[in-house]
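For reference, the structure I am asking about is given below.
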Amino acid sequence: MITHGCYTRTRHKHKLKKTLIMLSAGLGLFFYVNQNSFANGENYFKLGSDSKLLTHDSYQNRLFYTLKTGETVADLSKSQDINLSTIWSLNKHLYSSESEMMKAAPGQQIILPLKKLPFEYSALPLLGSAPLVAAGGVAGHTNKLTKMSPDVTKSNMTDDKALNYAAQQAASLGSQLQSRSLNGDYAKDTALGIAGNQASSQLQAWLQHYGTAEVNLQSGNNFDGSSLDFLLPFYDSEKMLAFGQVGARYIDSRFTANLGAGQRFFLPANMLGYNVFIDQDFSGDNTRLGIGGEYWRDYFKSSVNGYFRMSGWHESYNKKDYDERPANGFDIRFNGYLPSYPALGAKLIYEQYYGDNVALFNSDKLQSNPGAATVGVNYTPIPLVTMGIDYRHGTGNENDLLYSMQFRYQFDKSWSQQIEPQYVNELRTLSGSRYDLVQRNNNIILEYKKQDILSLNIPHDINGTEHSTQKIQLIVKSKYGLDRIVWDDSALRSQGGQIQHSGSQSAQDYQAILPAYVQGGSNIYKVTARAYDRNGNSSNNVQLTITVLSNGQVVDQVGVTDFTADKTSAKADNADTITYTATVKKNGVAQANVPVSFNIVSGTATLGANSAKTDANGKATVTLKSSTPGQVVVSAKTAEMTSALNASAVIFFDQTKASITEIKADKTTAVANGKDAIKYTVKVMKNGQPVNNQSVTFSTNFGMFNGKSQTQATTGNDGRATITLTSSSAGKATVSATVSDGAEVKATEVTFFDELKIDNKVDIIGNNVRGELPNIWLQYGQFKLKASGGDGTYSWYSENTSIATVDASGKVTLNGKGSVVIKATSGDKQTVSYTIKAPSYMIKVDKQAYYADAMSICKNLLPSTQTVLSDIYDSWGAANKYSHYSSMNSITAWIKQTSSEQRSGVSSTYNLITQNPLPGVNVNTPNVYAVCVE
């Protein structure tokens with residue numbers, strides 16, 4: 001049968017040439033595997049144009065015979081010596097009763113057993129020749145042998161030669177198709193010519209005699225959605241069918257071929273079968289293995305198929321920036337029909353595929369391990385036409401609705417048998433579907449994987465001293481070029497540090513501004529980065545670890561990074577101990593088995609040991625005790641350290657007296673503005689209990705306690721007394737406290753810094769002019785901001801790098817037109833802002849172009865006069881004084897034409913490096929730049 005179908009799906013581009021080549025290859029295979037059957041020659045001939053052969057499981061040879069005028073079934077029975085009961089057994093499905101068959105009129109068809117008919121010659125016709133006619137056929141039929149090739153008509157012509165000749169004809173057809181470059185109109189004309197050619201119709205008819213041919217031709221969208229399939233038996237007996245199946249299809253702009261083989265075993269009431277297929281996607285270079293099983297009965301079909309990839313990851317044929325490969329999976333299919341109403345059928349399909357990004361529905365909707373169930377109904381009012389509707393529902397509520405109409409033309413049946421409803425029933429029986437195509441998914445379902453088009457790597461962590469600037473080494477691999485890197489440095493910013501762009505033209509040139517070292521803190525910060533390319537793709541997140549060292553530490557040195565006590569005070573009874581812990585690291589990594597020496601810097605006390613080795617965590621401990629009240633400072637040092645690291649002072653106190661056991665400040669720095677205060681708190685204890693209403697005397701060597709250098713405060717119920725210290729000038733202060741005749745204790749030194757400021761005047765890099773920022777800009781022009789106050793170390797930050805970037809020295813680069821805020825943070829955590837206001841205009845140097853092209857590039861926004869550019873030169877100096885233009889010796893720019901210049905074909909120019917204003921320059925002069933005004 002030949003089946004034509006039409007569907008509602010939209011398809012794309014068709015490669016007709018590949019389809020026809022694949023068809024020729026399939027036919028060549030068919031002739032090869034069937035050469036023994038053809039050589040036998042018993043069943044392959046025709047008896048006139050209206051009598052055709054049909055292979056059958058019960059009667060291997062049947063003849064469809066059209067009654068002539070004056071003929072009856074009884075006449076045939078008598079003249080051909082065929083029993084009437086035999087004829088009736090072959091025609092039960094054509095006539096309602098034997099009596100109706102006997103009344104068959106001229107023009108109606110009767111099926112006769114062909115083995116009863118004598119013949120003298122049988123052979124395979126040549127492509128394009130008229131049908132061969134068997135001698136001694138049915139009365140009234142001509143038995144004339146038509147003209148053939150001389151070799152074929154010779155008396156010694158063998159069946160093998162006939163086979164070889166036919167195979168050569170098929171191969172020749174394929175070769176012709178291969179040698180042509182088929183375009184749209186030519187392909188259509190060629191297809192129509194082949195369809196109308198006698199050789200083609202003979203070829204289709206022969207194939208129909210020995211299997212099933214199904215053609216689905218989509219005429220719209222360049223034939224996308226079209227397919228051809230052939231099931232070709234190469235061994236056929238009543239109980240077993242061995243077959244090959246070839247197919248080709250062009251769906252979703254992919255050309256796919258299928259080649260398979262299988263066996264079907266027929267039992268009295270059912271059929272069991274298996275098959276193996278190789279599926280090849282020639283467009284995308286994907287290969288898949290399919291293994292399937294079948295179980296059929298009358299009015300029922302079921303099959304199960306497994307699909308296994310045979311090709312790996314490679315660049316996708318039609319999905320940009322993705323790799324693809326076949327997805328492994330399976331499906332289970334059921335088809336059923338009502339015996340009482342065989343025109344109505346139903347189907348059920350479940351399919352499951354495996355992979356992270358599988359395109360079960362389409363390549364734009366990728367899913368993980370998707371599955372789908374399909375239910376459908378179809379209606380076949382006559383054998384020629386089948387209409388259906390399928391609904392598929394899958395993972396993630398994806399769904400698909402398909403309407404279809406198929407036209408099935410069977411060459412082995414008369415026209416009347418294809419348009420009358422009573423013949424539908426035969427299609428649903430086991431015998432009638434013996435040569436049906438294997439039910440499977442011939443399209444390769446694909447799995448996709450995003451290509452590594454953009455990757456970011458930071459090979460080294462950063463270790464540096466406080467307030468230092470450290471360059472960040474980045475490794476970026478990008479298919480489309482790096483656009484920007486986005487950082488999350490919130491942890492670093494919380495302590496006064498930051499990640500910032502260096503101000504160069506490279507999008508990956510970043511540096512870390514390290515915060516102050518925090519005594520007793522972790523001083524380890526985690527920041528993350530993500531890269532973006534020019535197409536909007538993003539990389540993976542990458543983490544950078546930054547370790548801040550104190551000023552006394554050296555990078556790559558095995559040294560003490562932390563030295564702390566477990567408590568701030570102890571009883572001066574020579575028994576109560578304070579335990580110190582020293583942490584030893586190298587570049588942020590803990591170091592084991594490192595000797596650490598300990599020493600008493602000030603005060604009177606006794607160490608438990610003078611040295612200790614670090615454990616697996618890089619920690620070494622020592623104890624301290626004393627019998628003398630007072631403060632004690634202890635230090636720790638490794639052999640590689642040039643200076644020791646001091647711990648905070650601890651207090652030993654006489655518990656029998658009211659004694660200060662703790663003194664601390666709430667911060668170590670403050671602004672020297674007379675308002676920013678540092679609060680001190682002392683705690684007074686006696687016999688382990690807080691002392692209430694105890695007078696405490698505070699004194700300072702710098703700053704004031706409410707206008708005084710010495711003052712008193714009284715403790716509360718919790719034994720605590722507080723006081724605040726301010727200063728109107730920068731300097732360092734040490735506060736001490738005493739109670740009655742107790743020992744004096746001192747707090748850690750604090751610092752007052754001048755208020756952080758940014759000067760409103762800027763330094764223009766190109767002309768060394770200091771003044772207000774010009775309100776007309778040169779793109780990539782640079783100026784320097786000057787900060788003062790704070791601790792003297794500053795980190796800079798731009799809130800919008802597309803407008804301006806700023807480097808570690810405060811040098812600003814103007815990238816685009818707009819307003820932006822630049823912030824500076826000092827090491828003592830003061831922050832100040834500088835607002836850059838949008839200019840009245842900015843000029844942008846593009847590329848060299850003729851005047852007309854320059855107008856197009858700038859969208860007609862060229863400088864209106866030479867003055868526009870001379871003002872830029874006066875404000876910013878020569879353009880090549882800036883890093884972006886440093887390699888250029890000349891930037892001659894077009895000026896927008898006046899009306900008179902337009903008539904003359906000339907324009908004016910101005911050079912942004914040498915000035916040199918010129919009038920009357922020909923508009924086709926090369927080496928002149930398009931400089932746009934924004």
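Cβ from N, Cα, C; glycine included.
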Cys858 forms a disulfide with which residue in Swiss-Prot, given the options Cys6, Cys932?
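Within the candidate set Cys6, Cys932, Swiss-Prot assigns the bond with Cys858 to Cys932.
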Compare the Cα of Val933 (site 'Implicated in intimin receptor Tir-binding') against each of the recorded sites Trp894, Val906, Thr909, Gln915 and report the nearest.
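Considering only the listed recorded sites, the nearest one is Trp894.
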Of Ile891, Trp894, Tyr929, which recorded sites come within 10 Å of Ser908 (site 'Implicated in intimin receptor Tir-binding'), going by C-alpha to C-alpha distance?
Trp894
Cβ distance under 8 Å to Val906 (site 'Implicated in intimin receptor Tir-binding'), same chain, sequence separation 6 or more: which residues?
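The answer is Gln897, Pro919, Gly920, Val921, Asn922, Val923.
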For Tyr929 (site 'Implicated in intimin receptor Tir-binding') and Trp894 (site 'Implicated in intimin receptor Tir-binding'), what Cα-Cα distance in Å is obtained after rounding to a whole number?
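Cα-Cα, rounded: 6 Å.
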Out of Trp894, Gln915, Asn927, point to the one nearest Thr909 (site 'Implicated in intimin receptor Tir-binding') in space (Cα versus Cα); all of them are recorded sites in the record.
Trp894
Would you list, in sequence order, the recorded sites among Ile891, Trp894, Thr898, Asn927 whose CA lies within 10 Å of the CA of Gln915 (site 'Implicated in intimin receptor Tir-binding')?
Ile891
Out of Thr898, Thr909, Gln915, Asn927, which of these recorded sites shows the lowest number of other CB atoms within 10 Å of its CB?
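Comparing Cβ neighbour counts within 10 Å for the recorded sites Thr898, Thr909, Gln915, Asn927 gives Asn927.
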Counting only residues 6+ apart in the same chain, whose Cβ is under 8 Å from the Cβ of Ile891 (site 'Implicated in intimin receptor Tir-binding')?
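Spatial neighbours, sequence-distant, of Ile891 (site 'Implicated in intimin receptor Tir-binding'): Val845, Ala879, Asn880, Tyr885, Asn911, Leu912, Ile913, Tyr929, Val931.
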